[in-house]
Amino acid sequence: MDSSRGIRFLVHRRVLLLLLLVASSLVGTSRGREAQPLPVAAAAATVLGSRRAPERHGLALDFYAKTCPAVDQIVANVTAARYRDFPAAGPAVLRLFHHDCFVEGCDASILIAPTSSDAAGAGVRPPPRVERDMEENRNLPQEAFDTVELAKAAVESKCPGMVSCADVLALAARDYVQLAGGPYYAVKKGRKDSKVSLAGKVRGSLPRANSTVDELLRVFAGKGLGAADLVALSGAHTVGFAHCVHVLGRIYDFRGTRRPDPLMDARLVKALRMSCPSSGGSARVVVPFDVSTPFQFDHAYYGNLQARLGLLGSDQALFLDARTRPLVQDLADKTRFFQAFVASMDRMGSIRIKKGRKGEVRKICSQHLFSA
């Protein structure tokens, strides 16, 4: 893929090969070192507690049965073509869906494009910052946004004004899971697009690369999701890449010690350092989340965690914490992971749905209806 055709994935081949070799030699060798975990049921109960879940509205598989019955296939045609030309768009769209749902619900607010202050004109108050302006979202690949816009345009050509961008994004995320080898699942529809996108809503709504399990559980509980959802949805890191900035602390200066994280396998540290220098490296360089099968949507992520091959601190923490460790171990089975992932995607896709006058159906996903 050349520099003019999307994300510049600058993963050196020798480094990726070394990562794969490290994974193949280590997965499955580090089990049984930690203390006895809590039972799964107890872990889930500890997290859920009595906290009330956000309000959820009904969605339906046949929501567009009369207005756009072929919407699933229309979107699928676009995603399949994009996946052939831009494989990186797959995990990027999946991440985009997660970032959308975790900030004010699944309402396509993440898709609203920033407006330049120059566009407002002299003497006019600059427009408010949108979600995409925030640091947490600045590295979201353009391929993901482009894919949703292309899919939405295809839907508009057949069913003008009927299908929301929020539903198109949910369908595209599902398609990419399947295209990468994951499960196919039916997507409930009926979301409206948000009428606002506010940068101030982002901070604290999304997990960070170095989040502790306590922090992760709080974020998920705020969305009405529990420990089982946290571990299942984290399995999306079985595909895709992270920028080096998110792993530098773990491989060079863990918690101010000037040494790597002792819980990351030393050979993985060495491999990552080949791609991610401590200073002076390119901000565009990325490394795979899943070092064993980085382009396949499978259950290898969970085996990697048990072998101390988790890329992000927040990933590895899931196996180190007694509350989530049994869930990681359980989802190391492909069938159980796929079932859990589908169920959690359904729950995540229902967070704070906009209905009726609380939402809109945009014609162009990057622009509010009144400005399109």
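Every residue, even glycine, has its Cβ placed from backbone N, Cα and C.
As written in TrEMBL, here are the features:
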SIGNAL    1-32  signal peptide
DOMAIN    58-369  domain 'Plant heme peroxidase family profile'
DISULFID  Cys68-Cys159  disulfide bond
SITE      Arg95  site 'Transition state stabilizer'
ACT_SITE  His99  active site, proton acceptor
BINDING   Asp100, Val103, Gly105, Asp107, Ser109, Glu131  Ca(2+) 1 binding site
DISULFID  Cys101-Cys106  disulfide bond
DISULFID  Cys165-Cys365  disulfide bond
BINDING   Pro207  substrate binding site
BINDING   His237  heme b binding site
BINDING   Thr238, Asp290, Thr293, Asp298  Ca(2+) 2 binding site
DISULFID  Cys244-Cys276  disulfide bond
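Feature map: annotations from TrEMBL on the structure.
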residue: Cys68; record: disulfide bond; CB count, 10 Å: 20
residue: His99; record: active site, proton acceptor; CB count, 10 Å: 21
residue: Gly105; record: Ca(2+) 1 binding site; CB count, 10 Å: 24
residue: Glu131; record: Ca(2+) 1 binding site; CB count, 10 Å: 26
residue: Cys159; record: disulfide bond; CB count, 10 Å: 16
residue: Cys165; record: disulfide bond; CB count, 10 Å: 31
residue: Pro207; record: substrate binding site; CB count, 10 Å: 19
residue: Thr238; record: Ca(2+) 2 binding site; CB count, 10 Å: 28
residue: Cys244; record: disulfide bond; CB count, 10 Å: 22
residue: Asp290; record: Ca(2+) 2 binding site; CB count, 10 Å: 28
### Message
If I take the alpha carbons of Gly105 (Ca(2+) 1 binding site) and His99 (active site, proton acceptor), what is the distance between them in whole Å?
### Response
9
### Message
Let me check the 10 A CB neighbour count of Cys101 (disulfide bond). How many other CB atoms are there?
### Response
30
### Message
Using a Cβ cut-off under 8 Å and a sequence separation of 6 or more, which residues in the same chain sit near Cys276 (disulfide bond)?
### Response
Cys244, Val247, Leu248, Ile251, Val285, Val287
#### Entry: CB within-chain contacts under 8 A for Cys106 (disulfide bond), separation at least 6
Phe97, Asp100, Ala166, Leu169, Ala170, Arg191, Met348, Gly349, Ser350, Ile351, Arg352, Ile353
### Message
Limited to the domain 'Plant heme peroxidase family profile' (58-369), I'd like the whole-number average of pLDDT.
### Response
94
### For the recorded positions Val103, Cys365, the one whose C-beta sees the most other C-beta atoms within 10 angstroms
Val103
#### Entry: Other CB atoms, at most 10 A from the CB of Ser109 (Ca(2+) 1 binding site)
27
### Query
Going by C-alpha distance, which of the recorded positions Cys68, Cys165, Pro207, Thr238, Asp298 is nearest to His99 (active site, proton acceptor)?
Pro207
### Task
Please work out which residue of Asp107, Asp298 has the most C-beta neighbours within 10 angstroms of its C-beta, and give that one of the binding-site residues.
Asp107
### Query
When a 10 Å sphere is centred on the Cβ of Asp100 (Ca(2+) 1 binding site), how many other Cβ atoms does it contain?
29
### Message
Here's one to test understanding: among the recorded positions Cys101, Glu131, His237, whose C-alpha is closest in space to the C-alpha of Asp298 (Ca(2+) 2 binding site)?
### Response
His237
